[in-house]
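Here is the structure we will look at.
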Amino acid sequence: MHLNDDIVEVPKQSHGESVWKQLILHPTPAVRHILIAALGIHFFEQASGIDSVVLYSPRIFEKAGIQSYNHKLLATIAVGVVKTLFILVATFLLDRVGRRPLLLISMGGMVFSLGFLGASLTIIDQSQGTVPWAVGLCITMVLFNVAFFSMGLGPVTWVYTSEIFPLKLRAQGCSMGVAINRVTSGIISMTFISLYKAITIGGAFFLYAGVGVVAWIFFYTMLPETQGRTLEEMEVLFGKYHKWKEANAMLKKRKQGDRVDGDEIKSQVN
């Protein structure tokens with residue numbers, strides 16, 4: 001008997017190559033659903049126009065009719081303060097409310113605020129004189145938009161994508177999400193001025209509101225709640241796409257069955 005007989009030949013491919021194949025070329029239904037969810041949430045985080053609101057808030061306030069430098073500065077500082085405060089709010093709500101409700105409330109609030117922001121800017125743009133109530137509405141909606149983003153979509157995007165991937169695919173999957181996020185952010189930031197010159201500044205925010213509606217539908221249909229789920233449960237929960245609620249119901253029944261079995265064992269021991 002030769003020692004060489006017991007040697008098993010290992011395929012000549014690196015771990016990284018194998019991971020990319022499992023993630024992109026030959027994914028299971030669960031991995032494909034996870035990848036769509038991760039890339040989708042990262043895309044919509046930026047495509048809903050948050051960078052246009054935050055980065056160009058001084059220009060928005062100027063278009064609304066605020067000409068004083070000090071007033072524009074105060075309004076811009078208020079945007080930063082609100083953004084910071086509501087990120088802190090999100091840290092308290094994430095494990096109390098859950099990821100999915102926060103995403104839906106956040107995106108719904110952003111659509112609402114973007115729609116009214118577009119309406120107020122359109123009214124101001126088409127009016128001959130100043131419209132004080134529209135100016136106030138514009139400032140309020142900018143703050144609302146930032147608040148709703150910071151309490152949900154902003155932080156939840158990163159938490160959600162980091163916990164849905166299997167461990168062996170997590171680094172590559174999250175890196176793809178970050179790439180989509182940054183590319184979309186750059187496109188939105190660089191095209192905003194050209195966009196509002198082409199379709200008016202109010203029209204630009206109506207467009208972002210429309211993207212937000214699509215995002216809300218995507219979140220509602222494709223993203224299951226992941227709070228308290230194990231990695232094994234994630235593989236059951238994902239893979240059914242818009243029918244994920246069936247898998248969720250099955251997991252709940254399984255947990256209830258485990259509790260019943262546990263109670264029976266305890267009663268027998270006692």
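Cβ atoms are placed via backbone N, Cα and C, with glycine included.
TrEMBL does not curate its annotations; it predicts them automatically.
Over the domain 'Major facilitator superfamily (MFS) profile' (1-227) the predicted model carries a mean pLDDT of 88. What TrEMBL lists as domain 'Major facilitator superfamily (MFS) profile' is 1-227.
Taken from TrEMBL, the feature transmembrane segment covers 73-94 (among others). Through the fold, the transmembrane segment (73-94) approaches residues 53-54, 57-58, 61, 66, 102, 139, 142-143, 146-152, 154-156, 159 of its own chain, all at least 6 residues removed from its boundaries and within a Cβ separation under 8 Å.
Annotation source TrEMBL lists transmembrane segment at 101-124 (among others).
Per TrEMBL, the feature transmembrane segment maps to 130-158 (among others). Long-range contacts of the transmembrane segment (130-158) within its own chain (CB-CB distance under 8 A, at least 6 residues past either end) are made by residues 41-42, 44-45, 48, 50, 53-54, 57, 60-61, 64-66, 75, 78-79, 82-87, 89-91, 93-94, 99, 102-103, 105-110, 112-114, 116-117, 119-121, 123-124, 181.
The transmembrane segment annotation in TrEMBL covers 205-223 (among others).
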